[in-house]
Amino acid sequence: MDEEENLKTGTVGLKLKSESDVPDLTARVHLLPCFVKYDGPCAVSDYFKPKVTGVEVDGLKVEEAYFRGRKLEGATFPLPQGYCGLVLGKKIPQKRKTSDMTESWNSDCWELDAKFQSITYWNHDSLPSQHDTFLRSLHWLSVAEALHKPVTSEQLSGSSIHVEAAAARK
Amino acid sequence: MGSEPTLPKWASKPCIMGIDEAGRGPVLGPMVYGCLYCACSYAETLSTLNFADSKTLKEEKREELFENLKADESIGWAVDVIDPRELSAKMLKKIKVNLNEISHESAIGLVNRVLNMGVLLTEVYLDTVGDAEKYRVKLSERFPSIKFVVSKKADSLYPVVSGASIVAKVTRDRALREWVHDETAEGMKRNFGSGYPGDPETKAWLEQHKHTVFGFPSLVRFSWGTCNSHFKDMVEVLWEPEKIDEDGSGSGKRQLKLSSLGISTSKRKIEEIESSGKGRCKFFQSRKLEQLAHF
């Protein structure tokens, strides 16, 4: 892959509703270790019954649940401060003209359906730990912050001294 | 669950024990392993108590015999109730545990439990599970001081095993009768019949209680072949492949992308279906992060 392709960016249009209209799904968002080929409403809380085990690993409180006969072990992780989880959806366009439909489907305009402040992620056959990809993927947040934080003039002058010192040693 | 924890005097004399199972075949409910033990000197009396293979007895008769043996101070008993959730979960683990292994472990657990109570077991009788001789050797290696007799139809040949089969069968029947569904969906019924796949009542119950996403209530053993025909009408669920790459390099493992599974609305090239992580910085690769410009 060449450099140019690496730098591609995308934009997402987001239609915001007033905060109070958006349901809060905190503690009800589950990330399963499988792919369920279904997209739509479902009586999750009637069938999916997570239970607290009392076991703790790496500071994570282990929960257990069963899905399709498999035993899942997981943990609830609050999203870091300053971040919020969003459920986005596209409104299904009403049947009018075919041209209208394709246009609205391909548009990058999303609507905010719900928000959440925690995710419960589940493993099949392994206890949750800090080595899990889901938790590790969140490392990016602190790296991104360090990368994108505005650099103060003091930091700048400080680093230039280092560069000079390094050059002088040579 | 079992007889009184206080050790009777006869337990320090050589004892015999029978082990038998109930509910191995059914597609739903727990599998129960039961054991019954007594002093060798009491074995003769045991054969006069009319224990017979539990399957040949009527339910009321079994209940009556169970109450009798519980009241008999010369007899001890214990059960291991294996929840259907546990059966499914073990048989559907990434490294699967088959039903024979689960059965062996349950029987071994019962022998351990009785020994730990302080009962001097010298002879244990059980029905075959898999190959009789291999099973006998496995048990003898674990418990060298005990003589094991593994035999077909042990439940009708040895009264001590017949007694164990009554303990197991009555316990399973009660567990089913008192079963409380974990699921809180509406219309959850308990008319599941015997649980045997061929029982019309069980068939009808399975049909009425299937759920397109969740499959079945957790009373059902998802690992049973009977369930497979039902899964065809349900939402497909894909799990991580059971075996990782042959070369064993975990990092080279291809990741299945959600977009290839119909989650994304944007069209993508076929070669993009699987992501190898190639060309991405190691930091992102190992965290399964990818830059996304369309979603």
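Easy rule for this one: first residue shown is 1, then count along the chain.
Every residue gets a Cβ built from N, Cα and C, even glycine.
In TrEMBL this protein carries:
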type: BINDING; residues: B:Asp20, B:Glu21, B:Asp127; note: divalent metal cation binding site
type: DOMAIN; residues: B:14-236; note: domain 'RNase H type-2'
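All protein chains considered, the CB of B:Asp20 (divalent metal cation binding site) has 28 other CB atoms within 10 Å. Counting only same-chain residues six or more apart in sequence, the Cβ atoms lying under 8 angstroms from the Cβ of B:Glu21 (divalent metal cation binding site) belong to B:Met31, B:Val32, B:Tyr33, B:Gly34, B:Ser103, B:Ser106, B:Asp127, B:Val129, B:Ser165, B:Ala168. There are 26 other Cβ atoms within 10 Å of the Cβ belonging to B:Asp127 (divalent metal cation binding site).
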